[in-house]
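Let me begin by presenting the structure, written as structure tokens, before commenting on it.
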């Protein structure tokens, strides 16, 4: 058997979410696909630029994204006022067809505030909410505390809830045992995991295979590996820049074309690292401008790239054939 065929035969069961013959119940909301966590465009005066947001959305609407994430980490949501967060979502919902899912970040530090923001996001048009782990008092955020927080949010939410673990920003990894408990809640439909631990992702997928629970990769850098162990999609900052290649990578994985998928994944690793770990949102917004989107400034206290950083960012894309 050729290596590619052997690899595909090995991974095919994982992509069917495990070896058990007892199927999991259908999810309340099918999350499968690629989502860009949209940036928030700002004017030079650092006001939200809704016209530029709509311009970006018009271009993104031509790509085969499953939907969009508003008010994720790439959207600078901690730097926005509550009314700005809701207005960004409302504008996006009015622009996009109903079949494009909108996931809205509604996480706040308190359970009460998260419940209130979740209700407001649902009213503004969110199909589901993405709830980041509260982290300011991270030393007190035990599994029990986090389970209670998410259970209360899910009980009150009028739309499905997606857990969001992003330890690079919060310093807090949503514990495995908490995820497994929360996966049993009927209104918690999935997890966006940005930690990059494929062993952890595989174990979560394996342990929740009898639940209607879906896992989304939180970065383009490990998207292929996530599909290989049974993830259903990805919420990837790089999709703001290279949306078409990421959708192509998804298609190759689903079709079992693993050699082509691996070659494409390799070309995405370095640009992805540049717009996430290395240069952050300022790098992401600068790269968007090279591909015809509006990036614009970040909101203070985030600062723009230096000329040297901008050159390093450009090299990460050009060395891999994107510029």
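From the backbone N, Cα and C atoms, a Cβ is placed for every residue, glycine too.
What TrEMBL records for 164 is active site, proton donor/acceptor. The Cβ neighbour count for residue 164 (active site, proton donor/acceptor), using a 10 Å radius over every protein chain in view, is 28.
As annotated by TrEMBL, active site, schiff-base intermediate with substrate applies to 192. Sequence-distant neighbours of residue 192 (active site, schiff-base intermediate with substrate) (same chain, 6+ apart, CB under 8 A from its CB) are 130, 162, 163, 164, 165, 166, 216, 217, 218, 235.
Residue 235 (pyruvate binding site) has a Cβ environment of 30 other Cβ atoms inside 10 Å. Here TrEMBL flags 235 as pyruvate binding site.
The signal peptide annotation in TrEMBL covers 1-16.
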